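A.B. asks: Please read through the structure below; I'll follow up with questions.
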């Protein structure tokens with residue numbers, strides 16, 4: 001397959017390099033990744049400023065471009081410039097391997113997940129993948145899983161506007177029990193800010209937080225990881241609350257006319 005590989009940790013991050021080296025054993029891989037770290041930038045794109053895509057001179061079995069933008073920018077450049085200039089299109093967009101998990105409400109902030117969703121908007125089957133350890137992630141486990149997953153899973157089954165969000169426990173591959181289909185959980189953060197003083201005597205604030213995991217759903221994404229499984233969650237860009245919409249339509253119909 002032809003693969004467009006992006007991330008939010010940056011073009012030289014070990015996660016994307018590990019993924020590229022594994023995937024290029026059996027696939028054609030083009031890396032289009034931010035020239036600097038873009039973690040938690042969400043689905044931002046660059047407007048009213050130029051973008052640069054610089055091909056790197058590397059001794060690797062894949063191509064690598066450093067892009068002066070966000071993960072979503074990297075997907076746009078990868079599809080509309082890099083692959084287009086080759087006269088082909090990727091069969092799948094893969095975003096990762098991310099340093100740290102993207103579970104529950106993480107997906108709202110994640111540049112990694114947004115990279116996959118940008119591919120989904122463009123109509124290319126897309127996958128985001130993260131390893132659930134920020135300090136010492138075992139990327140090889142995620143890379144080996146990806147290579148095997150692409151053999152057994154037909155990416156064409158992923159519809160437009162939908163992506164797979166994959167989270168991998170940071171343990172040796174041999175310790176993984178398998179993978180489970182899961183739902184995006186209500187896992188979230190209770191944030192607070194610590195007031196500090198900079199070297200010039202001015203106040204600044206450092207955001208900290210506690211993880212809240214109280215979702216009763218047995219298919220909640222984070223529960224699969226706690227049980228030693230890889231979590232595979234289909235997510236979509238559409239955010240309409242269908243249940244509330246139906247309830248409000250029962251009260252207001254289509255809405256209310258002012259005139």
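Placement of Cβ uses the backbone N, Cα and C atoms for every residue, glycine included.
Small disclaimer: the values here were computed from a predicted structure and weren't measured.
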A.B. asks: According to Swiss-Prot, 8, 9, 98 bind divalent metal cation; identify which of 39, 68, 170 is listed for that same site.
C.D. replies: 39
A.B. asks: Counting Cβ atoms within 10 Å of each candidate's own Cβ, which of the binding-site residues 8, 9 comes out highest?
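C.D. replies: Max Cβ neighbours within 10 Å, all protein chains included: 8.
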A.B. asks: Look at the binding-site residues 39, 98 and tell me which residue has the greatest number of other C-beta atoms within 10 angstroms of its C-beta.
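C.D. replies: Comparing the binding-site residues 39, 98, the most crowded Cβ belongs to 98.
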A.B. asks: Does DSSP give residue 98 (divalent metal cation binding site) helix, strand or coil?
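C.D. replies: In three-state terms, residue 98 (divalent metal cation binding site) counts as strand.
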A.B. asks: For residue 39 (divalent metal cation binding site), what is the secondary structure by DSSP, using just helix, strand and coil?
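C.D. replies: Looking at the DSSP assignment, residue 39 (divalent metal cation binding site) belongs to neither helix nor strand, so coil.
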